[in-house]
């Protein structure tokens with residue numbers, strides 16, 4: 001009321017001169033009325049872009065130039081209101097209906113509007129375009145509301161939190177051409193009446209919770225140009241054959257929505273279709289030859305299904321094809337030669353099938369290929385010379401085949417090349433000149449082949465611009481020295497040259513590679529000295545020089561590497577004493593000095609006391625370990641040194657005690673000050689009026705109801721990120737309330753957290769715990785989630801919940817949790833890295849369906865807590881942490897993949913990540929590898945003994961996926977999208 005009175009006086013003060021002169025024109029009155037409506041709208045906003053400061057009553061004469069406002073030239077009525085991307089939060093005032101009937105365009109997309117869509121919106125009878133996408137609107141869309149909006153042409157409600165059934169009144173809108181209801185929580189079936197749209201060209205219902213069959217009636221909308229029905233809907237049945245009647249269709253997307261059955265041959269009637277997405281379903285049968293009639297097709301993706309048979313030759317009619325994806329199916333036969341003759345083909349991905357024969361000899365000759373992935377098949381023969389004919393090739397992946405012969409020399413001049421993975425083949429010949437030094441190459445894998453010759457020296461000097469981060473040439477027959485030009489690979493992080501025939505002195509130039517994380521030069525013929533320049537590789541964490549002929553001593557400069565945790569120099573010819581300085585490397589947890597000619601005594605300092613006896617065996621002149629103790633005089637001198645150190649330590653302790661005592665008195669005084677401040681803030685915190693509640697869907701409770709849950713007797717869990725309480729709202733809804741660790745007061749991170757929570761609140765996926773609301777004041781942040789009655793996977797597997805998970809339930813949990821992570825990694829923009837994937841963060845619903853929880857919060861714990869706490873928050877939990885974190889202190893989505901692999905091993909074995917595995921210091925990953933020898937058939941040795949009648953093929957496949965996920969090198973791990981694909985295909989017969 002006060003706001004309205006204030007607005008009235010503003011209007012009065014601005015027009016009082018006009019009143020006095022009796023000169024108010026109808027035009028001015030209209031402008032004032034419309035300005036008043038916009039001011040009412042602005043007052044309902046909680047926050048907005050500063051550009052909306054132009055909206056003020058004294059400025060009413062320039063109403064039509066206000067931000068986002070457009071008018072007609074005749075009577076200055078507002079016809080368009082565009083408030084998109086203005087950082088607006090809050091609600092929409094009912095006053096908006098007063099802009100009818102002149103308003104024809106309303107766009108409020110990409111903001112943070114919340115609450116229900118006001119019914120007054122439906123009163124905008126002249127509206128032609130309504131775009132409310134990418135907000136946080138909730139509740140149901142009125143069944144009859146849209147029937148008033150008879151002029152509507154475009155309705156875009158994508159990416160909100162609407163729920164309930166799809167609104168039926170939309171079918172009465174005869175002018176409607178564009179309808180997007182995707183990215184919401186609509187449930188139930190698609191109404192058959194949706195087939196009665198008269199003018200519809202664009203229909204998207206993807207990304208909801210729709211069930212049932214796709215109605216055949218949709219085929220009656222023959223005006224359709226684009227149709228999107230996939231992504232996380234869960235349909236029964238298959239693709240309606242009647243869709244072959246949608247002759248105007250250009251884009252058909254039915255991906256990832258549980259479709260079964262065969263691909264209808266009738267789809268071949270869609271002559272205008274340019275994009276067909278059917279990937280990630282459960283489609284069976286063969287690829288219909290009739291698809292070759294879709295002569296306009298540019299994109300065909302049938303990947304991650306259960307398709308069988310051969311690639312039909314009739315697909316040669318797809319002369320406009322640019323993307324051809326058939327990967328992760330059960331296809332066999334040869335790759336037809338016509339594939340290499342498709343003139344516009346850019347992306348070809350046929351990996352993980354059973355293709356045999358040769359790669360088409362002319363592949364790449366069209367000059368347009370950008371990406372080729374034919375890995376994990378049974379291909380033989382030579383690699384075609386023409387792959388990079390057009391100098392556009394960026395990705396070449398052919399690993400795990402039976403290819404032989406030389407590498408095409410032309411690949412050494414393929415400058416766009418970014419990823420090059422040809423390991424696990426039978427390739428011979430030398431490395432093409434220039435290949436290692438290509439300017440854009442990031443990953444080079446040629447391990448496990450029969451390559452010969454020397455590693456080429458860079459002649460042109462272009463390597464200084466190299467992007468190469470990983471080289472794997474291990475297990476070949478390469479010979480000669482490492483070229484000095486390796487110093488120019490400044491971005492190199494991983495250098496794997498083990499199991500070759502390389503010789504000569506290891507070049508000191510390697511010390512200039514400051515980004516190196518791992519070096520493996522074991523099992524070669526290197527001689528000469530250990531280069532002291534290695535000590536300049538300050539990021540190095542792994543160094544293996546074993547099984548060579550290196551002599552001299554280990555340079556003390558190595559001790560400068562503060563994060564080195566693995567050092568292996570065994571089976572060489574080192575012949576001097578072990579440097580004491582190595583003992584001061586607290587990071588060094590594993591070292592092997594065995595089978596050399598080291599002399600003297602083993603240092604007793606620092607880390608040397610932790611190394612096993614086997615680390616020193618085979619050194620006849622070395623004493624000081626259990627198998628070869630030193631003589632008495634040596635022991636006596638060591639004892640005297642120890643006494644001197646103890647005396648020095650006592651003096652240091654005395655000085656430190658005085659310092660700490662003084663600091664303690666100061667701290668005691670500060671405690672009283674802090675307690676007084678805390679007491680004052682607690683009094684303020686208990687006032688619900690200071691709390692702000694942001695809902696991400698329709699809420700049946702208020703902030704005071706949430707605060708009632710935050711009591712000690714409601715605690716159901718405590719962790720590194722806060723305390724979790726269970727609560728029951730007035731409407732009977734059960735919720736979980738997470739109280740986050742206290743954020744630094746006045747920190748600039750507060751706004752960052754609030755903004756991130758807004759992003760997390762918009763995430764919608766059936767396998768992700770739904771964030772219902774965010775409740776906060778200046779001191780405390782509370783997250784309100786849907787409650788999961790069966791607790792966490794960790795509690796069920798390892799706790800005392802009294803629940804035993806059958807194998808089929810475990811496999812289903814694995815698949816559903818993978819889908820949740822896949823959504824975070826691949827379908828969120830920007831992608832979200834979980835940062836703490838573990839079994840305790842996978843919650844189980846009433847039917848034991850998996851929901852990923854606690855995602856996206858760790859980086860705020862990093863920002864707002866001390867360094868000691870942030871380490872665990874960022875990296876994850878003990879037993880789940882990817883090995884590269886130890887030396888990079890950075891994580892990415894592949895870190896999540898590693899952690900998920902650990903969860904899979906928990907599901908298979910029923911054991912904790914860190915358990916009693918019979919040997920100190922090993923975890924579930926190491927134990928599983930030891931027990932099975934990394935062989936999938938060995939899964940029977942580690943399977944949970946409580947399980948019976950397990951499908952052997954399923955267990956083997958799930959273990960295979962787990963082993964891929966926990967690969968030591970992150971680049972070798974699959975993406976979560978690939979993990980979903982592999983687990984989806986794991987279900988097989990044959991039990992044991």
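If you go along the chain as it appears here, the first residue is 1 and each next one adds 1.
Glycine is no exception: its Cβ is also placed from the backbone N, Cα and C atoms.
Annotated by Swiss-Prot as transmembrane segment, the relevant range among 657-677, 678-698, 699-719 is 657-677.
Among the ranges 214-219, 220-225, 226-231, the one that Swiss-Prot lists as motif 'CLE45 peptide binding' is 226-231.
Looking up 575, 790 in Swiss-Prot for N-linked glycosylation site, the annotated residue turns out to be 575. Residue 87 (N-linked glycosylation site) and residue 631 (N-linked glycosylation site) have their C-alpha atoms 77 Å apart, to the nearest angstrom.
DSSP assigns residue 87 (N-linked glycosylation site) to coil, not to a helix or a strand.
Counting Cβ atoms from all protein chains shown, residue 613 (N-linked glycosylation site) has 11 others lying within 10 Å of its own Cβ. The shortest Cα-Cα distance between residue 597 (N-linked glycosylation site) and any of the recorded positions 64, 71, 293, 525 is the one to 525.
Across the fold, the C-alpha of residue 256 (N-linked glycosylation site) and the C-alpha of residue 75 (N-linked glycosylation site) stand 51 Å from each other. With respect to residue 293 (N-linked glycosylation site), the closest of these recorded positions in Cα terms is 71, chosen from 71, 75, 613. Secondary structure counts, DSSP: the repeat 'LRR 15' (439-462) has 1 helix, 3 strand, 20 coil.
Same-chain residues lying 6 or more positions outside the repeat 'LRR 16' (465-489) and placing a CB less than 8 Å from one of its CB atoms are 418, 423, 431, 436-458, 495-507, 509-510, 512-513, 515, 520, 969, 971. DSSP assigns residue 293 (N-linked glycosylation site) to a helix.
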